[in-house]
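Colleague: This is the structure I want to talk about, given as structure tokens.
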């Protein structure tokens with residue numbers, strides 16, 4: 001019975017339940033060869049694109065001036081991926097000489113533009129491709145939200161259209177001029193381990209991914225989805241920079257006592273990191289001002305520099321910086 | 001496109017309700033579980049179908065982690081929570097070899113799995129089938145709507161948290177429902193305020209009132225707001241099956 005759920009077709013491998021004369025899931029005739037007739041995987045193979053993508057070298061060329069590419073991932077939704085991406089981008093861009101680009105590949109629920117305070121902006125085409133939206137001189141953002149008629153419009157797309165959009169973000173956006181460099185490119189992702197994640201990893205294969213930062217909250221319901229994301233990173237050979245535990249503990253503004261809203265019944269991120277042998281970058285407490293800063297699109301670390309949460313952010317971000325620059 | 005095999009299963013199910021939200025981590029699965037437990041405790045026969053294939057949370061929340069699905073001549077036998085078999089559950093979590101295994105699937109495979117869940121699970125007679133969904137407006141949502149279309153599901157319960165960032169995504173979900181012709185039964189504002197256990201002061205961790213405003217804006221029923229309660233998190237975490245009184249149930253029938 002377990003087979004039904006685990007028949008993921010790994011890159012280039014013939015699935016166990018395939019027909020005898022399987023041409024291989026990556027071949028040109030996958031799903032259409034004579035041997036494919038009646039195979040349980042036929043529909044999957046024939047709907048997958050055959051052969052290596054001809055656009056991959058173009059993407060690699062576009063991103064050749066980008067030094068570090070960092071993915072922000074989590075199996076679980078609503079744990080603070082976009083919040084963390086936003087704050088990381090603001091903090092990196094505090095240094096005027098650092099050029100930062102942020103790509104929001106959450107196509108169905110883009111939150112980054114609001115968090116970065118640029119929601120009503122629009123993308124302009126130029127001879128070198130689309131110009132991203134600049135929040136500061138050295139901080140550029142690209143998201144599908146800039147292309148929607150209003151914030152209520154739903155993007156009801158199946159996988160292939162989402163993948164096409166992500167490809168355009170990398171292929172058709174003028175991230176840098178020829179003689180300039182982008183120091184960091186951050187990718188904010190949707191929850192899960194599906195189309196968007198596979199696409200971005202495949203598109204970046206030629207240009208290389210520096211690593212992934214994984215965000216979680218302390219309770220097991222969230223940790224169990226994050227385990228799946230870590231498994232995905234290992235399957236897709238994406239290096240893991242480390243895990244950030246968000247919403248860990250809440251300090252009451254009235255009495256300054258700390259309580260655990262999302263209790264780490266299984267030891268939280270710390271136990272997870274020890275079990276799977278990955279670095280824990282730090283824990284960020286729940287602070288209502290973080291949510292407010294996001295709703296207003298301002299940099300939390302700048303506006304609430306003295307709060308414990310801002311200190312936690314700063315420590316984690318400098319850790320990420322040093323790990324990334326060393327690698 | 002017609003899906004007679006889905007129809008045969010649904011013929012013995014009285015009400016089909018989807019639990020949706022554009023945003024992740026707002027409490028879709030928690031609400032689904034509470035709703036299911038409340039309905040079951042009122043004597044109804046309830047089925048919970050978890051179509052969040054990449055991040056199934058229902059098995060953990062119902063205390064069913066590690067269980068295995070068995071095949072019978074009538075189809076896949078769902079996992080029963082209670083001995084009286086009033087609450088049945090089906091999730092991809094039961095089909096995975098270990099809790100660390102990920103399901104790295106693109107759209108077409110997810111669609112096929114959802115169809116299997118709808119066509120091959122031997123629910124038997126049910127009063128309610130609750131469908132827990134992943135965040136977004138993409139493959140899983142389109143697939144489940146497509147397969148259910150002819151058998152007209154009762155509608156969707158939309159869950160949100162109060163802050164603007166979440167509301168923006170939930171607006172998209174309500175528009176999705178409108179576009180595909182799925183009635184919205186109502187909206188739940190979850191995580192609305194937190195009462196400090198030390199001083200009993202209520203803090204609006206994720207602001208407040210946003211859900212009610214949204215419901216008014218779209219002219220859909222507002223089902224109520226639920227505060228953040230660490231006890232609820234603990235219950236779900238400890239795989240306890242205690243029923244928390246739920247005020248939303250009456251609106252579903």
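Residue positions begin at 1 at the first shown residue.
Each Cβ is built from the backbone N, Cα and C atoms, and glycine gets one as well.
Automated prediction, rather than curation, is the source of TrEMBL annotations.
Not my notes, these are from TrEMBL:
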- A:22, A:36, A:39, A:45: [4Fe-4S] cluster 1 binding site (BINDING)
- A:75, A:76, A:77, A:78, A:79, A:80, A:81, A:82: ATP binding site (BINDING)
- A:252, A:255: [4Fe-4S] cluster 2 binding site (BINDING)
- A:1-33: region 'Disordered' (REGION)
Colleague: Can you figure out which of A:22, A:36, A:39, A:45, A:255 (the binding-site residues) comes closest in space to residue A:79 (ATP binding site), comparing Cα atoms?
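Modeller: That would be A:255, nearest by Cα distance.
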Colleague: In the structure shown, with every protein chain counted, which of the binding-site residues A:36, A:79, A:252, A:255 has the densest set of Cβ atoms within 10 angstroms of its Cβ?
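Modeller: Comparing the binding-site residues A:36, A:79, A:252, A:255, the most crowded Cβ belongs to A:79.
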Colleague: Can you name the residues of this chain that are 6 or more positions from residue A:81 (ATP binding site) yet have a C-beta less than 8 Å from its C-beta?
Modeller: A:72, A:73, A:74, A:188, A:189, A:191, A:215
Colleague: Measuring Cα to Cα, how many Å separate residue A:39 ([4Fe-4S] cluster 1 binding site) from residue A:255 ([4Fe-4S] cluster 2 binding site)?
Modeller: 65
Colleague: Of the binding-site residues A:77, A:80, A:252, which sits closest to residue A:22 ([4Fe-4S] cluster 1 binding site) by Cα distance?
Modeller: A:77
Colleague: How many Å lie between the Cα of residue A:77 (ATP binding site) and the Cα of residue A:45 ([4Fe-4S] cluster 1 binding site)?
Modeller: 30
Colleague: Just give me the nearest neighbour of residue A:45 ([4Fe-4S] cluster 1 binding site) among the binding-site residues A:75, A:78, A:82, A:252, A:255, Cα to Cα.
Modeller: A:75
Colleague: Select one residue from A:22, A:39, A:45: among these binding-site residues, choose the one with the most other Cβ atoms within 10 Å of its Cβ.
Modeller: A:45
Colleague: Here's one to test understanding: among the binding-site residues A:36, A:252, A:255, whose C-alpha is closest in space to the C-alpha of residue A:76 (ATP binding site)?
Modeller: A:252
Colleague: In the three-state scheme derived from DSSP, which category covers residue A:79 (ATP binding site)?
Modeller: coil
Colleague: Take the mean position of the Cβ atoms of A:22, A:36, A:39, A:45, the recorded [4Fe-4S] cluster 1 site. Which other residues of that chain put their Cβ within 8 Å of it?
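Modeller: Output for this site, in sequence order: A:18, A:19, A:23, A:25, A:30, A:31, A:33, A:35, A:41, A:42.
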Colleague: When you rank A:36, A:252, A:255 by Cα distance to residue A:75 (ATP binding site), which of the binding-site residues ends up on top as the closest?
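Modeller: The answer is A:252.
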Colleague: What is the separation, in Å, between the Cα atoms of residue A:78 (ATP binding site) and residue A:252 ([4Fe-4S] cluster 2 binding site)?
Modeller: 21
Colleague: Chain B sits near which of the binding-site residues A:76, A:77, A:81, counting only a Cβ gap under 8 Å?
Modeller: A:76, A:77
Colleague: Looking at the binding-site residues A:78, A:80, which one has the fewest other Cβ atoms within 10 Å of its own Cβ?
Modeller: A:80
